Amino acid sequence: MAAEEQPLLGRDRGSGQVHSGAAADQELCIDQAVVFIEDAIKYRSIYHRMDAGSLWLYRWYYSNVCQRVLGFIIFLILILAFVEVPSSFTKTADVRYRSQPWQPPCGLTETIEAFCLLAFLVDLSVKGYLVGQAQLQQNLWLLAYFMVLVVSVVDWIVSLSLACEEPLRMRRLLRPFFLLQNSSMMKKTLKCIRWSLPEMASVGLLLAIHLCLFTIIGMLLFTIGEKDEAQDQERLAYFRNLPEALTSLLVLLTTSNNPDVMIPAYTQNRAFALFFIVFTLIGSLFLMNLLTAIIYNQFRGYLMKSLQTSLFRRRLGARAAYEVLASRAGPAGTTPELVGVNPETFLPVLQKTQLNKTHKQAIMQKVQSYEGRPMLADEFQKLFDEVDKGLAKERPLKPQYQSPFLQTAQFIFSHHYFDYLGNLVALGNLLSICVFLVLDSDLLPGERDDFVLGILDYIFILYYLLELLFKVFALGLPGYLSYHSNVFDGLLTIILLVSEICTLAVYRLPHSGWKPEQYGPLSLWDMTRLMNTLIVFRFLRIIPNIKPMAEVANTILGLIPNLRAFGGILVVAYYVFAMIGINLFRGVIVPPGNSSLVPDNNSAVCGSFEQLGYWPNNFDDFAAALITLWNVMVVNNWQVILEAYKRYAGPWSMVYFVLWWLVSSVIWINLFLALLLENFLHRWDPQGHKQLLVGTKQMSVELMFRDILEEPKEEELMEKLHKHPHLHLCR
């Protein structure tokens, strides 16, 4: 394009161009700098079209409104799984009591899905146009995006042509891709997992050898002889055949069925306990923890590579903006030399950048500290480090009172000792609830006398209300609301007050033998339980007042935004496995009396799927499938589910559940532990804390590891800029 052919630097702004052309060029430079800065802040690639029309489209596409709409469309197409056949609209997932669910008519969800696919097609078209044909052909994610859309559209057409009666909908399995491709951090996490797979596979091979060897040894040790009595045969049931033995030891690897597997053999001969102890020591305590260590080490290394790429993108985007905005000076007739970016040139760019007010003010203050002189490249780069820091909020000023009495009261109620008093009162309230729970544990709700507890609730809630009013008086309403703990405390206090007023209006004042009849949707006992539950939650207010607990809580809260990528990967895994499970196991779990495979309740084996009432663990709809997968991921009693599906669906169902265990409990949990450990180690490292500025806090994974990442060299940045297909520099 014409605008792209002109060099961005070195243009003679004093030439005889018409004023409108010079103004258009200057406006284009500003827009280019704005986009480069936004790319740097968001760690986006700068390899896209740079003409005026493309820049407008690019900024519109990455605007908050457009991205939120795209995020909602992704959420909408994923949530369709709860509505589509088989629908999850039943009160219970238990196959014994589940009613016939409402099923949407053919074409309803397909229409919504068509709208979503059309939106994704527009999304792909915009992305493809902005990066250009050359970049599009090299971008595997965009090519995969195109293929997923093609398969989804073809499958959608097949669904309509078969009147929504097709047995398999392939596009459901592909839906999580739309979530993956929209998150750069999820892509990096997935790439890190892929790079870590060889090392995981090596430990997995060791685990497989360990399992096979001990399975063979177990079969040799615990083989049932011809002369064994019936009770001995029952004791050795876990090693009846090779698949049974392998399954038993695999479950024992997760310690889920310990000591169930060991006790039958141990009962016969106490020396057999050594077999299970050695197996558990090698498998669970050594190899599984070795797998955790390897995943932590490998993932951390590959995560550093991904974050190094993000840092390079940040520096490259900032350097591109610097090159666009930098002025040149030099004697007449010589090649002008770069002298830097003037603050008056940069401030209009900063005003147009999509950035929150706090960070803009922080960057402006840093720019003003240069006292009007041009900023050099390193100084310009450091401006955008402010984006990763959350500045400490300045508390609003307290109200000014003239009366000495009011000033004394303000001092008392704003002192931290007043908070300690409130914590003691909250502790007393919690203890009183515990006392009554113990005293009334053997009584039915109708037999309990709630007179004393009701009076205590009134007294404590009255104190909480007075505490709220006193704090508002001392700090002022803006000052009171500036503390998150006060907002949490005040909100619960207001809810408690409203609940108590409703109780008074319906059931009047409490008195001895107070057992009124139920009026409205909630009984007196329900109202009391609701208020006491809120009081228990209110006790969490003590966390900010206990420093070690507050540090742990702040670390966890700071970790939550950085876990979105890991949470997204888990959502993708759940979604795909749930869809596969529905296609494989829908309808295989049948209620008692409907199949010869289902034993009568009286004849069910103790500890079996039927005897434990695990009927809701099925794949008859999407919601039930998610809960079943969750129960398997937790691995508590998961052998019961494995054994049941082996009976109902066949022995090959074990492959599905073992794969899910590997993906969720082994790989994902260990990746989560890796990030959690790194986060805690870094945040609690005294050296790390010394590097933080006073009044700031770390916000992102990139900043968390910034001190151990290598800064890109200027030569590398300039080489990449010169290779930009739509950007032409003079040097």
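Indices start at 1 and increase along the chain as displayed.
Using N, Cα and C of the backbone, Cβ positions are placed for all residues, glycine too.
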| task | Return whether the side of the membrane given for Ala40 in Swiss-Prot is the same as that given for Ile556. | result | yes
| remark: As Swiss-Prot has it, intramembrane segment corresponds, among 239-263, 314-338, 689-713, to residues 239-263
| Per Swiss-Prot record, range annotated transmembrane segment [choices 21-41, 42-62, 168-188] | 168-188
| field | Paired segments the transmembrane segment (168-188) and the transmembrane segment (271-291) in contact, 3+ CB pairs under 8 A | value | no
| Which bits of the chain, at least 6 residues beyond where the transmembrane segment (525-542) starts or stops, bring a Cβ under 8 A of a Cβ in it? | 422-423, 426-427, 429-430, 433, 445, 448, 450, 453-454, 457, 460-461, 464, 485, 488-489, 492-493, 495-496, 499-500, 502-503, 507, 549
| Cβ-based contact of the transmembrane segment (565-585) with the transmembrane segment (69-89), 3 or more pairs under 8 Å | yes
